[in-house]
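Note sheet for the following structure.
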Amino acid sequence: MRLFARLEVLAILACAVPIAAIPSFLSNSYPAHPAEGVSLFPQTQPQAPLGLWTRLRNTVIERLWRVPPQLNKNRPGKQGKFPLFSAPVSLRARYGDDVVLRFTIRNAEEVKALAEASNILFLDVWASTDEWVDIRLTKDVVPSLLGLLPQSLQTSHIPLIHDLPQTIYESYPSSSQRSSYDVQGFSPSTKHSSDITNIFFQDYQPFSVIVTWMRFLTSMFSSHVQIINIGSTFEGRDIPALQIGVWPANNPKPRKTVVVSGGSHAREWISVSTVNYVAYSLITSYAKSKHVAELLQQFDFIFIPTLNPDGYIYTWEVDRIWRKNRQETSLPFCPGVDLDRTWGFEWDGNITADNPCSESYPGEDPFAGVEAKQFSQWAKNQTAQNNIEFVAFIDLHSYSQQIRYPYSYSCLPNPPNLENLEELAIGIAKAIRLTNRETYEVSSACEGFMASQAKAKSDDPFPRIERTGGSALDWFYHDLNVKYSYQIKLRDRGSYGFLLPRENIVPTGQEMFNAVMVLGRFLSGHDGFGHLDWEDESQRPKADEDDIPSENELGENDDSWIPFDYRNHDDQNEGEGYDNDEWGFRRRRKG
C-alpha cells in the first residue's frame with residue numbers, strides 16, 4: 001500500500017512538474033524566457049509554445065495553490081534573439097534553459113515558503129545560508145515557483161548563473177582541446193595532457209586518472225604512503241584511499257588517525273581535487289619540512305578523494321551536476337541515494353523516504369547508501385581490529401565557504417566539547433584567511449541551514465530548507481566518538497557554485513593544506529600557529545625562512561609569525577564577531 005500510494009502521488013506530480021533529479025532529456029523544448037521579477041537574463045531564445053504537460057502542470061498549480069494566472073501569461077523576453085553560444089548541442093539538449101537563482105531570505109515565513117515550494121516542484125537546492133538560498137530550475141518553471149511564494153520573495157531574487165549549459169561546458173578540461181570537439185557530439189576529455197607544464201592540479205581529473213596518480217605516488221613514496229581500499233561501490237568499483245604516515249614498529253598504542261574525505265556528492269569536483277592536493281602536499285613535504293615529518297610520525301592520514309566513484313564518473317560521462325550515488329531505488333527513473341543523508345545516527349529518512357526523485361533522498365533505511373555503509377564498516381573494523389584511534393574527521397564539500405561542526409540534525413543538543421570544536425574551527429578559518437584572504441564562516445552544522453538569532457531577532461531559528469539528519473559528520477562524532485569532526489564547504493560563495501573554474505584548484509588546496517597543518521598542531525597540543533610552514537612551496541603566502549620566528553619567540557596571541565605581505569593587513573572587516581584574542585588558540589581543552 002505504501003508503495004502504491006507513493007507511486008500514485010509521484011505520478012500526479014510528474015504530470016504537474018519536471019523532476020529536477022532526472023536528466024532533462026526533453027529540456028530543449030522548454031521556453032527560454034524568465035518570469036516577472038527576473039530581468040537580468042542577458043539574451044534569451046524566442047518563445048516556444050508550451051507543451052501539453054507544461055500547460056497541464058501550470059493549470060494544476062494555479063488551481064491547487066491559487067497561483068495568479070497572469071504570472072504565466074505576461075512574461076518578458078518574447079523579442080529576445082538566440083545568441084551564439086559555444087556550448088555543444090548535446091549539453092543544451094540535456095540542460096536546456098536551466099539557470100540558478102539566488103533568493104534573499106529575511107524571515108522564517110519566507111524560508112518556510114521557499115522550502116515548501118521547492119519540495120512541491122522537486123527543485124534542486126544548490127546551497128543555503130542564513131541569508132540566501134540558491135536553486136537550480138528551468139526558466140519555464142520560474143513562474144510556477146514565484147506563484148507559490150509570498151510577494152516579498154517574488155522580487156528578492158537574482159539569476160546567479162544565467163546559462164547553465166555554457167557554464168558546465170567551461171568546467172570541463174581542457175580549453176586547448178575544445179576546438180577539436182565535434183559540436184554535435186561533445187564528450188569531455190578523460191585523457192590528461194602529456195605536456196609537463198600541464199600538471200595534475202591545473203585541471204580537474206577524471207577518476208581513472210586519479211587512481212593512476214594515486215598508484216604512482218605509492219610507488220614513488222613507499223616509505224610513508226600506501227594505497228588502501230575502503231570498500232566497493234554499488235556498480236562494483238573500489239573506493240581507493242591514500243594512507244600517509246610513518247608507522248613505528250612494535251608500538252602497542254592505538255595509532256591516532258585523521259580521515260579527510262571528499263566527493264560524497266558527485267558534482268562537487270573541487271572537494272575531490274582538494275583532497276588530492278592536501279595529500280600530495282603532505283607526501284612531498286615529508287622530506288622537506290620537519291613539521292610535516294613530525295606530524296606524519298604522530299598521526300596517520302587517510303585521504304579519500306571520492307566516496308562516490310560511480311557518481312563522480314557519471315558527472316564526467318553523462319550529467320555534470322549529478323549529486324547522488326548511482327544505486328537503484330524503488331523508482332527506476334529516479335536512481336541514487338544522497339550519501340550524506342543515509343548515515344545511521346539520527347537518520348530522518350522516514351520523512352523523505354517516499355521521494356526517490358529528491359536530490360536529498362536518504363534511502364528507505366539507515367545506511368541504505370551502499371558506499372556510506374561500506375565506509376562505516378571499514379571505520380568500525382579499523383578501530384576494532386587494526387588498533388586505530390580516529391581523532392579527527394574532515395568531510396569536504398562545496399560550496400559557500402563554511403566550517404561546520406556537530407550537530408547537523410538539530411541545534412538543541414550541544415556537543416560535549418563544543419568549546420574545543422569552536423576553538424579549532426576558528427583557528428582553521430584564520431589559517432585559510434591568512435593563506436589567500438578568503439573568509440570562511442564558522443558555525444554548528446545545524447545553523448548552516450538556519451538564520452542566526454541575531455539575524456532573526458528572535459530565539460526561534462529559521463526552519464530548514466532541507467533535512468539534515470543522517471550525516472557523516474554526526475555519525476563520526478557521535479557513534480565513532482571522533483572528537484574533532486568537521487564538514488567544510490569549500491569555494492566559492494555562489495558565483496560558479498559547483499562549477500568552480502580550474503583556476504581555484506590550487507589556491508583552495510593551499511587553504512586546506514594549511515587548515516590540516518593547524519588541525520595537526522592543535523591535536524599535538526601546541527599553541528598558536530608557529531608550526532605553519534609558510535616558507536614551504538606547497539603553501540602561500542611565501543616567506544623567507546629567517547622571517548619565521550621559532551616557537552619560543554611566539555606569544556599566545558602574537559601575530560609576528562605572519563608573512564610580511566600580511567603583517568600590515570587590516571583585519572577589522574574580516575571575521576566579523578571575532579576579535580584578535582578569539583582568533584588565537586586559548587589552551588582550554590577539557591580532554
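Using N, Cα and C of the backbone, Cβ positions are placed for all residues, glycine too.
Keep in mind that what you see is a predicted model, and the values were worked out from it rather than measured.
Site annotation (Swiss-Prot, ligand Zn(2+)) includes HIS265, GLU268; from HIS157, HIS397, HIS478, the additional listed residue is HIS397.
When the binding-site residues HIS265, ARG323, ARG341 are scored by other C-beta atoms within 10 Å, ARG341 scores highest. In the predicted model, the domain 'Peptidase M14' (203-523) has a mean pLDDT of 93. Cα-Cα distance from HIS265 (substrate binding site) to CYS357 (disulfide bond): 15 Å (rounded to the nearest whole number). Closest to CYS357 (disulfide bond) by Cα-Cα distance, out of the binding-site residues ARG267, ARG341, TYR399, is ARG341. Long-range neighbours of ARG267 (substrate binding site) (same chain, six or more residues apart, CB within less than 8 Å of its CB): THR315, ARG320, ILE321, TRP322, ARG323, PHE498.
Here the Cα atom of TYR399 (substrate binding site) is found 24 Å from that of CYS334 (disulfide bond).
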